[in-house]
Amino acid sequence: MRNLFRSKTRACTSSSRLDMAQTCNRRPRDPQSPWQRTFAIAIVLWKHPPASFSEKMKIRMQSIRLCSWQNRHIFCRVGSNGCAAQLLGTEHFVGQAGAAALGGMAVGLYEWTAAYLVVSLGFFFAPIYLQCQLTTIPEFLEARYNRWCRGLFVLISLIAYILAKIGICLFAGAVVFEVVAGIGMWSSAPIIIIGTALYTMAGGLTAVMWTDVVQWAIFVGGGLMGTVLSLDLVGGMSGLFQKLESFGLDSFPHVLRPPAGKEYPWPGMLFGIPTVALWYWCVDQEMAQRVLSARNLSHARLGTSIAGLMKVLPPFITVVPGMVARVLFETCRASPAGGREFARWCDANLDEAAGANRAYPLLVMLQFPEGVRGVMVASFLAAMMSSLAAVFNSAATVFTYDVYLRFFREEGFASPRHLVFVGRLATAGLTLLSLLWLPVIQSNSRGVYIVAQTAMCHLAPPVSAIFVLAVAWRRANGQGALAGLLVGCPVGVAQLVAALMYQDTCAAMSSRDLAQDAPVIEW
């Protein structure tokens, strides 16, 4: 088994270096002709024993069957919608709308600044991924660096799934169920898990991508409908901005905030977010698995280009309704006690994180017509199932291929049924750990969306750095990459724990410093 991975590493590393040189506009020493490449690959395969190559192909086919990647032709029909479906989830309808109710339009920068990175996945990373014939993204780190980098990246990825994906989706879905049906968080979480897991486990990546096509149409269509109806309540965009200013929320319409501001300073938003987005959109298994399922590089680039173009939509679909909900809440509080306008909004508490998370679901249930409510609730549920299904499938794939087959099966072979069973157990284990994270999300004072971004911001920098260096710098080596992960990741985890433990103290100190010491900057 060790010899198989060594041979695979040699073949993949030579191919990836060839493509890396093309990406960096450097002239490689290797031949550029397709016939010469084919001849070189044939020589590499001829040097290995036939038995080893046969066993290698058996391992490859087990993973391919597990993820349903034998149907690579599906990408040319549904892959672009599958990529675009990852642009919106329940964490956006709940979390991002809630963050907009608390802080305004600037939260939309999380989406807009990531648009060019989605395109980068298809034009810079996809050629390397497809040429190496990867099954999972961690496999690339072993080919480029060493097996220790691969193992550590798998551990970090599984932690990120718990902190920033599965737990966040479950909490956001629980908020929707609470507002729509009055079901508590601990009662709705099992319903969400079981409902999503049924078709994910049954159909693998094929089921995920096909359902994304229908779900994408539902939640994008429903989201745009919700935006139009929301703006109609406040007199359009101009009316929205005027009312925000009348309530003293002058900073809400502004996307770029002062550098010394407490929330969303523009240097951090423009230069810090790409570090997180690079991991999320370019090197994470959840997004990259859709590129790995492409028939060829052209289809991969087409899908990511469409997805990048559609990154314009999420802020209008989620951020604008969140600000509208805040205006309705402030209107109710400012109205006379005897004849309050939008009287049902007075108890919404949208100026606090716990209430702001409910902004968009409350807007749907309190202000939208009866028929539209059903469409919007379907949009929420479709977005939730789309996000969770993709996470479940990618987590099962990473654990099964990069952990179980790598470390717990010495012979490196297992039946497809057994691999599927292991993937299900891994998904169940990660979900149970995510349930323990829900109380932390609930107690956070900045909202569910900011919790997810905070977790990713502390874990992403070392991961993004080693992938960028792997592609852009030939002299990057395994020792340096491993050192970066061993130092950067523990420091990031320590910072995350400290930020969560002392968030109220830090917020109070920040507010005091801004009020007393910080200069006033007009923008």
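Placement of Cβ uses the backbone N, Cα and C atoms for every residue, glycine included.
Some features that TrEMBL has for this protein:
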TRANSMEM  112-130  transmembrane segment
TRANSMEM  151-177  transmembrane segment
TRANSMEM  189-210  transmembrane segment
TRANSMEM  217-244  transmembrane segment
TRANSMEM  264-283  transmembrane segment
TRANSMEM  375-401  transmembrane segment
TRANSMEM  421-441  transmembrane segment
TRANSMEM  448-473  transmembrane segment
TRANSMEM  479-502  transmembrane segment
Stretch of maximal Cβ-Cβ contact with the transmembrane segment (112-130) [cut-off: under 8 Å; candidates 217-244, 264-283, 375-401, 421-441, 479-502]:
264-283
Among the ranges 151-177, 217-244, 264-283, 375-401, the one whose Cβ pairs under 8 Å to the transmembrane segment (421-441) are most numerous:
151-177
For the transmembrane segment (151-177), which partner among 217-244, 264-283, 479-502 gives the most CB pairs under 8 Å?
479-502
Could you give the residue numbers and ranges of same-chain residues that sit at least 6 residues beyond the transmembrane segment (217-244) on either side and whose C-beta is under 8 angstroms from one of its C-beta atoms?
81, 84, 88, 93, 104, 250, 252-253, 313, 316-318, 320-321, 323-328, 330-331, 360, 363-364, 367-369, 372, 375-376, 378-380, 382-383, 386
